[in-house]
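These notes are about the structure you will find just below.
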Amino acid sequence: MERTDESYSIALTPRESVGSEHSREEKHSLLEDENPLASERWYHNPSVRILVGCVFGIVVGYLMGKYGASKEVVSWISLPGELFLRALTCVVVPLVFVNIFLSVIDMLASGHAAKSGIYTVAFFVLTTALAVLTSFASVLLFKVWFSTSSTATISASAETALPCGQDTVVQWFPNGTLLCASLSITSGGLPVVLPHNDTSTKSSLSQTIQDQIFRALVPDNIVQQFISGNYLGIMSFAIFLAVSMQKVKPRPTTFIHFCQEVNATLLVCIRLIIDLTPIAVFSLVSGGLGTTSNLKSVLSDVGIFLVSFLAAIFIHYFVTLMGLLWLVTRRSPWEALSTMWPAQVFAFCCASSAATLPETLRCADSVGVPKSIASFVITMGATLHMNGTSIYFPCAIIYLTVSTGDEAHFTAASFILLGVLSMMSAIAAAPVPSAALVLVIPMFNTVCGTTGATPANFSYLLAMDFLLDRFRTWLNISGDLVVAECVAALAKKAKLDTVSLEG
């Protein structure tokens, strides 16, 4: 799991303070259910079940590919996995909206601790930006070894139909007339097309940046953004709405409570869907391998992706975070590692930042971070600061675009857009199991400019996520500890009041 906004008696988040009276009990019950260490039997462990599904999927997919299973057989085996992805995509768009809205409300509501709050937000943004840059550097270094699959999600067609209205294109009919008609209508018309090498279809870099980033950032129809899944437009509208609501007097708590209830309901939906992950992993992996003749190439790509992701994780931890800690506190990285490891080991084992939060706070207390700062920074970081997640997105999206043959759709503007989305998602990711994985498909479609497309190799990311999730969580709580120590050191130097940060 990535990050959750569970609250503890030592530090209440703003989201809980405006919630219903029974929200705390519900959150603790959810926390107990999500803790994989609470299960005594091995077959109750979600990671074990996903691993079993992955192994069976590889075996069945290999046999189908070897003995030439028909397309009908492969499609039926792939169907449960496709339905799983459709269900995730259906729920994740409204979930992203309400979660970012509530996260911004939380951040603004707790912004009274002037300097310490500024320090915290500054470190959050700095480490997240450096994590994204590290991820780009790592995956671009290794991407030359990715092989291109023949099962690309977005085919590089040589022609483009001319649109002339909503869901219609210019078509030529046998009687010689040109009319606007839907391609879904079997009327005998042929779409009028332009070749891609026509200069009229090419856009400059400046125009591409304007269209894919700035115009997408300010939507003209929010309903259309939800329908098309424009991730950037939904996020910007949620942020704008939250900031505007803070200026309304009296505070419209009814709408905030409504969003909290919607958020809680969608979280239950996600949990029910995620429970089916082992079946989906089996279906998607076996279906993907069933149409792949070169299993060695697939495994090689997956291995290279894993190496690039882990390289970015460890570089960010040992170079960026430890370097920042030394610059601010003059504390030895090895000394820091010796005090952080209890929380890090616990986070890696249970893959839950929420379950690790008490241990993280104990580690912060052991190095002398004031409890007021620790509870503020680490509890807030549990929702708003995810370095592991910010590293995962660029690695995953670039891996999917290259390995599925869609690299032609990845322009310079796409890199900028991916960087912005990775930072925003890491700051306000949905507090659900495998939150980063859930956001990969809408982010892929936003960056590549597609609607409803599922990358062919996404099934391999799904199969690996039980391992990737542990490394993401490990880095997430490490980043929170480093920021807490840095804020405490700066607060001490500036002689700030560390007793009442939420005043």
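Count begins at 1; order follows the chain as displayed.
Yeah, the Cβs are placed from backbone N, Cα and C, and that goes for glycine too.
TrEMBL does not curate its annotations; it predicts them automatically.
According to TrEMBL, the transmembrane segment annotation covers 47-64, 84-105, 117-142, 222-243, 264-284, 304-328, 340-361, 373-400, 412-430, 436-463.
Counting Cβ pairs under 8 Å to the transmembrane segment (373-400), the top-ranked stretch among 84-105, 117-142, 222-243, 264-284, 436-463 is 117-142. Recorded stretches compared: 117-142, 222-243, 264-284, 304-328, 436-463; the one with the most Cβ pairs under 8 Å to the transmembrane segment (84-105) is 222-243. Counting residues 6+ beyond its ends, the transmembrane segment (47-64) has Cβ neighbours under 8 Å at 36, 73-74, 77, 277-290, 292, 295, 351, 463, 465-466 in the same chain. Comparing 117-142, 222-243, 304-328, 436-463 for CB pairs under 8 angstroms to the transmembrane segment (264-284), the maximum falls on 436-463.
By the Cβ criterion (distance under 8 Å, sequence gap of 6 or more), the transmembrane segment (117-142) is counted as touching the transmembrane segment (304-328), at least 3 such pairs being found. Counting only same-chain residues 6+ beyond the ends of the transmembrane segment (304-328), those with a CB under 8 A from a CB of the stretch are 123, 126-127, 130-131, 134-135, 137-139, 141-143, 145-146, 336-337, 387-388, 391-392, 395-396, 399, 403, 464, 468, 471-472, 474-475, 478-479, 482, 485-486, 489-490.
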